[in-house]
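Below is one structure, written out as structure tokens, with a few remarks after it.
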Amino acid sequence: MLLKLDSRKADFQADFTRLVDERRESEGDVSRDVSAIIADVKKRGDVAIAELTQKFDRHDLNKGGWQLTQEEIKKACDSLPSELMDALKLAATRIRYCHENQLPESSEMTDAAGVRMGVRWQAVEAAGLYVPGGRAAYCSSVLMNAVPAKVAGVKRLVMVTPTPDGFVNPAVIAAAVISEVDEIWKIGGAQAVAALALGTEKIKPVDVVVGPGNAWVAEAKRQLYGQVGIDMVAGPSEIVVVADKDNDPEWLAADLLSQAEHDPTSQSILISDSEDLIEKTIEAVGRRLEKLETQKVARESWDKHGATILVQSLDEAPALVDRLAPEHLELAVADPDALFANVHHSGSVFLGRYTPEAIGDYVGGPNHVLPTGRRARFSSGLSVIDFMKRTTYLNCSQEALSKIGPAAVTLAKAEGLPAHAESVISRLNK
């Protein structure tokens, strides 16, 4: 049943705390299964990959091919409607522009002691992108993960995607081409993540693995982190909409359902100072659910995890939002920037009535790969930084060392590390 809260009620804080603490991520214990798959790939390599692909995807890699061929890629792109191809290209252009403006600059300075120091940013050499497979076209996820990697300067970008019965969605292939993906492998699941992280006879390992997936994919990324970098371990999608009385309930209902239709464990929350707007929005959600193709999933999400919060003033909203730290936040109010100034924890924020979250999913520009499960309190969405690393460097002249070296000797001796001290002393005494 939809949760309806009212900040004027005596039990509001307790009820809101339960909402914040609600656990929606899968509690199924897939850890043991994933550990076994990783161990199998580590031991048997391509043989394990082929067997698991046959088992889960009913695709014989040795007969149907491990990688997409140029002929298969061309055929897929040619089959796409021009309208869809144009939309993919527009989205890629906008994502590229946004992420080019995120590139960090290397820097160097010389301090008063004459020590030259700096930081140099470089892209990782290889990155792996996981794309969910089947007939669902997650083409936007390809763009959102692959374009930043190439903007960062990644030379080898590898995509893996499950191919149930040998099928790969043409829109996914086209998005990979537009994003300049270098290799497309017909494998999926935890075994694909293991192949990217560990490498096999056919597949060279990568340095970073990104991309969405099911519980097994997320668990594989978690277990392999440290051997390979990852973007994040994401959970169910979520949205908080803060709205004043001057909104169209139909618009708000559509926005709330845009996240509810993702997964039964997704969460959609409406915060408003207008009880009338809340009630009309709830009614609009009900009407829209009757016509929605994804109504089964969306209804379960809305009924089990949806919530409305009536506040006395929208000034209360930022504090509530910060406790929820949502993946997506819409500020559908007259002055969204004023409210935004007081919000500190959200994966991405959509300002004003004409900026639905769905625009950010596809063509807005900023990345749609965002922290969930309140992780926006300490982490950020995917960016070029996830495909880069920084190296610091120092350069001391003899004169510079003579100025700062004695302090290093003192600290080394205080820590009981004589070899450290001698490393500096030997140069000071020369």
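A Cβ is built for glycine as well, from the same backbone N, Cα and C atoms used for every other residue.
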Which of D207, D303, D315, D361 belongs with Q259, H262, H420 in the Zn(2+) site listed by Swiss-Prot: D361
Substrate site partner of S237, Q259, H262, D361, E415, H420 (as recorded in Swiss-Prot), chosen from H305, H328, H344: H328
Spatial neighbours of E415 (substrate binding site) that are distant in sequence (at least 6 apart) but have CB under 8 A: none
Proximal residue to Q259 (substrate binding site) among recorded positions Y130, Q191, N214, E327 (C-alpha distance): E327
Local backbone state of Q259 (substrate binding site), from DSSP in three classes: helix
Assigned conformation of E415 (substrate binding site) - DSSP reduced to three states: coil
E327 (active site, proton acceptor) versus S237 (substrate binding site) - Cα distance in angstrom: 7
